[in-house]
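Engineer: Grabbed the feature section from TrEMBL, which reads as follows:
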type	residues	note
DNA_BIND	A:30-69	DNA-binding region
DOMAIN	A:93-194	domain 'CoA-binding'
BINDING	A:104, A:105, A:106, A:107, A:108, A:109	NAD(+) binding site
DNA sequence: GCAACTTTGTGCGTGCCTTCACAAGCGACT
DNA sequence: AGTCGCTTGTGAAGGCACGCACAAAGTTGC
């Protein structure tokens, strides 16, 4: 299977990609980052147990996740770090860069625009937008902030594939519609509203206020238990992927 | 609350809280926010179908979620908005405010510190920390930035219950240990590393780079399908809770 | 070349979450 | 009061994900 007697790696990829569970995709991204660190540390191979330990995942689950992308592990040895890294990048669609547009240069938008990790990970920020005249025209990290009205023209011209919305809630739906009009088919929404999109658009949402409330719930639960860690405390749950400051 | 193990009317809350599925808790927070908007719009009652529509959730799932907190719906009518809102706040532990400490005033940390939605939702920022001498001593949103070394003293003094880590990856574990030492039992981690915590500490992770990679995966999947939305496209997935810019 | 050890890949049981479908309950209207 | 229409709450079924445990496969040592 792994030794390519044929160059069939392509249809294999296509077939498998369809059937990867959503939960596994999220973890694959985490494995990929850890592999990057392992490469820097000069590791050549890594076992599922080792990689599972540093990513905080069950080893069997990790192996199953990797099996979805047709993994290239060597029994008795482990995985070749750089090969696995390359394989993961391919599976996650990082082989060709995705241009990203960010709308809403407020508090959070500014932080996102200044975040260096995007372009470093294959997601170059191709455009920034805001509606505030004081912001339009300035540069952040060398990128010009343009007016929201320019979204359709600019996005289709620069072949933006991913849009991030960091506007206040009320403005989000309008911005979303503009992005969809511009041909953007994947949107990451930080505004605290539920957006309506056509079926062909993929939408993900990140809501920090909700994240805090989930934590607050656990504080409350713990207090009800009398502060005593009952059998099931100490959970570690991850919502999604990391951002460096 | 040092309730006896069996305290008649109150044990309903305590018993049910324990058994709420994690997935439901996340949605309860979303319902709560939408209820807030409905209150502003002057709505007095809302049906499960209506609330499900605006939150993008299956109506039956919504009703089951509400049933976990012992809901007070009226058959044939719906839910009384303000009563349900109050009930949700109680269930999510928002009846008494949780002091929050934020460590790492970089790009993202600055955005988080400037976000007004936290204190407005029962999570006042009680302390800011950084290790950079240029940042220590300044004020953000009227809150003093203190040195990381002061974490144990300040956090226990101000009864911080929730910690947010927005430092660069390498610094996160050290900061995390300090927070735990200070008695913080709930931590929201934005740094792209897997933190180790004692069992009694609740840890959640938000990783924006992973979020983007999940979107990129779907772009890749779509391209493999020839750009044609196969039967299962158009997913709407939410990672977690929103943040206004 | 053989045996012992290591690690992958996966079949399978278990439990959680989602969704359907319907009975029970409540209000409105006559 | 009785009936009709609407909405909640939940039993049950299906699907998904997790994790154990083991066979297959490769490596190391003799």
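We number each residue from 1, going along the chain as drawn.
Note that Cβ sites are derived from N, Cα and C of the backbone, with glycine treated the same way.
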Engineer: Over all shown protein chains, what is the count of other CB atoms within 10 A of the CB belonging to residue A:104 (NAD(+) binding site)?
Structural biologist: 29
Engineer: Using DSSP, tally how many residues of the DNA-binding region (A:30-69) sit in helix, strand and coil.
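Structural biologist: Taking the DNA-binding region (A:30-69) as a whole: 29 helix, 2 strand, 9 coil.
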Engineer: Just to confirm my parser: what is the rounded mean pLDDT across the domain 'CoA-binding' (A:93-194)?
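Structural biologist: Across the domain 'CoA-binding' (A:93-194), the average pLDDT comes out at 94.
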Engineer: Which residues of the same chain, at least 6 positions away in sequence, have a Cβ lying under 8 Å from the Cβ of residue A:109 (NAD(+) binding site)?
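Structural biologist: Once residues fewer than 6 apart are set aside, residue A:109 (NAD(+) binding site) is near A:102, A:103, A:128, A:130, A:166, A:167.
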Engineer: Give me the DSSP three-state residue breakdown of the domain 'CoA-binding' (A:93-194), ordered helix, strand, coil.
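Structural biologist: So the counts come to 35 helix, 28 strand, 39 coil.
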Engineer: Within its own chain, what residues at least 6 apart in sequence put their Cβ under 8 Å from the Cβ of residue A:107 (NAD(+) binding site), listed in sequence order?
Structural biologist: none
Engineer: Provide the number of Cβ atoms within 10 Å of the Cβ of residue A:108 (NAD(+) binding site), excluding the reference atom itself.
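Structural biologist: Summing over all protein chains shown, residue A:108 (NAD(+) binding site) has 26 other Cβ atoms within 10 Å.
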Engineer: Return the residues near residue A:106 (NAD(+) binding site), defined as same-chain residues 6+ apart in sequence whose C-beta is under 8 angstroms from its C-beta, sorted by sequence, else 'none'.
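Structural biologist: The answer is A:130, A:166, A:167, A:168.
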Engineer: Taking only same-chain residues 6+ apart in sequence, whose CB is under 8 Å from that of residue A:105 (NAD(+) binding site), what do you get?
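Structural biologist: In sequence order, A:113, A:128, A:129, A:130, A:132, A:135, A:140, A:145, A:166 meet the Cβ cut-off.
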